[in-house]
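Lifted from TrEMBL, the feature list:
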type: TRANSMEM; residues: A:6-27; note: transmembrane segment
type: TRANSMEM; residues: A:62-81; note: transmembrane segment
type: TRANSMEM; residues: A:88-107; note: transmembrane segment
type: TRANSMEM; residues: A:135-153; note: transmembrane segment
type: TRANSMEM; residues: A:183-203; note: transmembrane segment
type: TRANSMEM; residues: A:209-230; note: transmembrane segment
type: TRANSMEM; residues: A:235-257; note: transmembrane segment
type: TRANSMEM; residues: A:269-286; note: transmembrane segment
Amino acid sequence: MTLYSFMGALEIGLIFSLVALGVLISFRILNFPDLTVDGTFPLGGAVAATLIASGSDPFTATLVATAAGAFAGMLTGWFNVRLRIMDLLAGILLMTALYSINLRIMGKPNVPLIFEPTVFSVLLPGVLPDYIEKPLLLVVVVLVIKFALDWFFSSETGLAMRATGANPRMARAQGVATGRAKLAGLALSNALVSLAGALFAQSQGGSDISMGIGTIVIGLAAVIIGESVLPARRLIWMTLAVIIGAVLYRFFIALALNSEFIGLKSQDLNLVASLLVTFVLVLPILKRNLRLRGRQGG
Amino acid sequence: MLSAKNLKITFNAGTPIENRALRGLSLDIPTGQFVSVIGSNGAGKSTFLNAISGDLLVDEGSVTIDHTDVTRKHAWERADLVARVFQDPMAGTCEALTIEENMALAMARGRRRGFSFALNRQNRELFREKLAILNLGLEKRLTDRIGLLSGGQRQAVSLLMASLQPSRILLLDEHTAALDPKTAAFVLELTARIIEESKLTAMMVTHSMRQALDYGSRTVMLHQGQVVLDVSGKEREGMDVPHLLEMFERTRGEKVSDDALLLD
């Protein structure tokens, strides 16, 4: 692997670590299997790219994109809490609706950002090549968000949100409005995913309607890889684990696609992704089988 | 004080499995009284407790706690008035959270939750002090996940959690039923001590007539969603299980068939 492709994988891995943090909040903390992210990731890209292309300041555009994601997440929560639609289905409904909405926002299947200013072009000093500076900036952004989340989940409100996911009945008995906590959590989760989409569009030269396909798989893969690399119960380690998971995932993918002797091409990306997730999922079973066999042999 | 008037709750109304769990149940509990509630399976004990806590909203009737009408309020809106300990040790605490985090959650019961740290040196010190009373060595395990504790330990912590913030009524839902006899006795003694020390108004649902007579100052028996027996004061002193059974059979004109009620 060249330094260029290494830094490229790191860059995309860091952007997807925001998706992973979002998935950690919905799947693990709130215990809510939220599929909205397949729609909110391209939503972030669509909003940011369209605003920037129409002359808006990239920071405002990124902020609006994040808020749009939060709103979409809240809607999923509202579907589930108020309209009593099953959690999985609520996410699927929103994700499907967002496909049309994203097309409406962009007005066409893709919005390129080639010469327009982005958060990267504005913030990077330009001392080192872009492909080195971008990941460095992203490391800072991701770490700031990680510590902000750690702080939030150790606050009274954050603790109430964790209890909502872990034991809703107990949470209600302690005076937690669990419905509201769920809405807020899904808003936070999808805001992060949408922010990731906005950054992705700005780092990859534009937004595309199909860029959301498989977001949830990548997010889950990152969470699961993170958990198996760094098994921890404390939240500050869990947030770190999923960030590592997202970056590692990207490296595996880059390795697989760059090893010419395997003969994989870029269109095999989603196949490799699914295989990788499947492998990580069955890893505990494989490990146990190996251990059992070892015991028999001994 | 707690005042429940003419409570009615029907499950699956209008279907073949319709179940009229509460059929016009009324009960007043003055401030500072410790009431034990007894009844056979399906008598409506748990439904009654859930109606007071707000886990279930009543079809008819009203619930008033300290002159506040809470009939239409959800469980989390009543949490400033009602504290409770569940039957299942898993239900009353958050397995995935640590002992101190669970206690911090209970510390904020009925208050507005802000963005300050849920745990700080002061409340950790308080939790340690409270846990030390239990004599279970838990004061040294604040950062252990509560899932690592035994059922009895978890119920003991649940009791502490229920008493961290003042409440107008403490609800105990067969909170020793899932424990072995020795642990159950320990948790019961602890319950009596906490209620006595903090002069709490409390309602304890139990399956055992012995327990119902041994604890508290008043015993209420439910049957088919109504209060059928209400004894306190002189009448209750020196009363034993056969006597209670006899009174029950006289009022109902039928035999008690639930063996569990006869067990001590």
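Placement of Cβ uses the backbone N, Cα and C atoms for every residue, glycine included.
When each of A:135-153, A:209-230, A:235-257 is checked for Cβ pairs under 8 Å to the transmembrane segment (A:88-107), A:209-230 comes out on top. Counting same-chain residues at least six beyond the ends of the transmembrane segment (A:62-81), those with a Cβ under 8 angstroms from any Cβ of the stretch are 32, 34, 36, 39-40, 43-48, 51, 87, 90-91, 93-94, 98, 119, 179, 182-195, 197-199, 202. Contact between the transmembrane segment (A:135-153) and the transmembrane segment (A:235-257) is supported by 3 or more Cβ pairs under 8 Å, counting only residues 6 or more apart in sequence. Remote same-chain residues near the transmembrane segment (A:6-27) are listed as 33-34, 37, 41, 131-132, 134-135, 138-139, 141-142, 145-146, 149, 185-186, 188-193, 195-196, 199-200, 203, 215-216, 218-220, 222-223, 226, 238-239, 242-243, 245-251, 253-254 (criterion: CB distance under 8 Å, separation of at least six residues from the stretch ends).
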